[in-house]
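K.L.:
Submitted below is the structure of interest, expressed as structure tokens.
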Amino acid sequence: MASWPPLELQSSNQSQLFPQNATACDNAPEAWDLLHRVLPTFIISICSFGLLGNLFVLLVFLLPRRRLNVAEIYLANLAASDLVFVLGLPFWAENIWNQFNWPFGALLCRGINGVIKANLFISIFLVVAISQDRYCLLVHPMASRRRQRRRQARVTCVLIWVVGGLLSIPTFLLRSIQAVPDLNITACILLLPHEAWHFARIVELNILAFLLPLAAIVFFNYHILASLRGREEVSRTRCGGRKDSKTTALILTLVVAFLVCWAPYHFFAFLEFLFQVQAIRGCFWEDFIDLGLQLANFLAFTNSSLNPVIYVFVGRLFRTKVWELYKQCTPKSLAPISSSHRKEIFQLFWRN
């Protein structure tokens, strides 16, 4: 096949790596040319927004002199995971600009792909953990103790990072630099030692990294929404009820955005597996899967830069924390500005 997505979808067959020259099915050369021109710029844009946005989120969470609550612990870890992920994207942008001739050596070939694979697991496991915490808080509030939940959140995040790292070890070990004489390049490819690895990889990718977490996410959030609808009055009377509702709205938005960004990737990954085992055949499916994988990969990438935008526009409490951080960092010698004076300043600023 022709797919060349960075998220470890390559076959060990070299003839499946490059769309223009390496396959008998060449029905969409214009689409591939367009993708190769557009994708590097798109990747760099995602990297820039993701780097600045997630750094900003981490600063807002970590700079204030106070302890993080449970939701903030999970969201800070999610931002850290996204930040580590986007740091690897410029290498893939350069790889595409360089016609897939990997210029960074074998160690970075393994390391960058290992980081990308680890992020895939860490991100979705964190989303599951966030949903589970909201479920316990809203559906079983009497069983949730703040101090205990905070300790559990820290331990859970450490375990998620460790498990994500362990699950990325096969990628680190099986990625390699290999010459492709027909194209006169040296490519960073995934070398699967046996055909059985294709099945093991799709089980890991589609079931462990998506379907099982998706089932847990749907279960938790279904009961969260039912609890919010059925116990609205109770939530208002509980201490912190309004705050919990705002935090839950933010988390539900993050969950939906995550699923929208990542579901197409797993759909096309499963189609690729069906093509590899010849359950589906033909040039139409090959081109459809190859192009779909490329687009789905980079739709998934956007999630890492989309989360900070969600924090700002959906997270009302997050915006409050930004304002508190601003006041904390502003010199106390500066006199506070009255609302009327502030309005005059804004009018002068926006006046042409």
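Here, residue 1 is simply the first one shown, and the rest follow in order.
The backbone N, Cα and C atoms fix where each Cβ goes, and this holds for glycine too.
Pulled these from Swiss-Prot:
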DISULFID  Cys109-Cys188  disulfide bond
CARBOHYD  Asn13  N-linked glycosylation site
CARBOHYD  Asn21  N-linked glycosylation site
CARBOHYD  Asn184  N-linked glycosylation site
LIPID     Cys329  S-palmitoyl cysteine
TOPO_DOM  1-41  topological domain 'Extracellular'
TOPO_DOM  63-72  topological domain 'Cytoplasmic'
TOPO_DOM  94-110  topological domain 'Extracellular'
TOPO_DOM  132-153  topological domain 'Cytoplasmic'
TOPO_DOM  175-206  topological domain 'Extracellular'
TOPO_DOM  228-250  topological domain 'Cytoplasmic'
TOPO_DOM  272-294  topological domain 'Extracellular'
TOPO_DOM  316-352  topological domain 'Cytoplasmic'
TRANSMEM  42-62  transmembrane segment
TRANSMEM  73-93  transmembrane segment
TRANSMEM  111-131  transmembrane segment
TRANSMEM  154-174  transmembrane segment
TRANSMEM  207-227  transmembrane segment
TRANSMEM  251-271  transmembrane segment
TRANSMEM  295-315  transmembrane segment
K.L.:
List, in sequence order, the same-chain residues at least six positions removed whose CB sits under 8 Å from that of Cys109 (disulfide bond)?
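P.N.:
When sequence neighbours closer than 6 are ignored, Cys109 (disulfide bond) has Trp102, Arg175, Ser176, Ile177, Cys188 within Cβ distance under 8 Å.
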K.L.:
Out of these recorded positions, Cys188, Cys329, which one has the fewest other C-beta atoms within 10 Å of its own C-beta?
P.N.:
Cys329
K.L.:
About how far apart, in whole Å, are the alpha carbons (Cα) of Cys329 (S-palmitoyl cysteine) and Asn184 (N-linked glycosylation site)?
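P.N.:
Counting only the Cα atoms, the answer is 55 Å.
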K.L.:
Counting a contact as 3 or more Cβ pairs under 8 Å, with residues at least 6 apart in sequence, do the transmembrane segment (207-227) and the transmembrane segment (73-93) touch?
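P.N.:
Contact between the transmembrane segment (207-227) and the transmembrane segment (73-93): absent.
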K.L.:
Per DSSP, what is the helix/strand/coil residue tally across the topological domain 'Extracellular' (175-206)?
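P.N.:
Per DSSP, the residues of the topological domain 'Extracellular' (175-206) fall into 14 helix, 12 strand, 6 coil.
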K.L.:
Name the residues of the same chain, 6+ apart in sequence, whose Cβ is under 8 Å from the Cβ of Asn184 (N-linked glycosylation site)?
P.N.:
none
K.L.:
Of the listed stretches 42-62, 154-174, 251-271, 295-315, which one has the most C-beta pairs under 8 A with the transmembrane segment (111-131)?
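P.N.:
Of the candidates 42-62, 154-174, 251-271, 295-315, 154-174 scores highest.
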K.L.:
Per-residue pLDDT averaged over the topological domain 'Cytoplasmic' (228-250) comes to what?
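P.N.:
Its mean pLDDT is 62.
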K.L.:
With DSSP as the yardstick, break the topological domain 'Extracellular' (272-294) down into helix, strand and coil residue counts.
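P.N.:
Helix/strand/coil tally for the topological domain 'Extracellular' (272-294): 17 helix, 0 strand, 6 coil.
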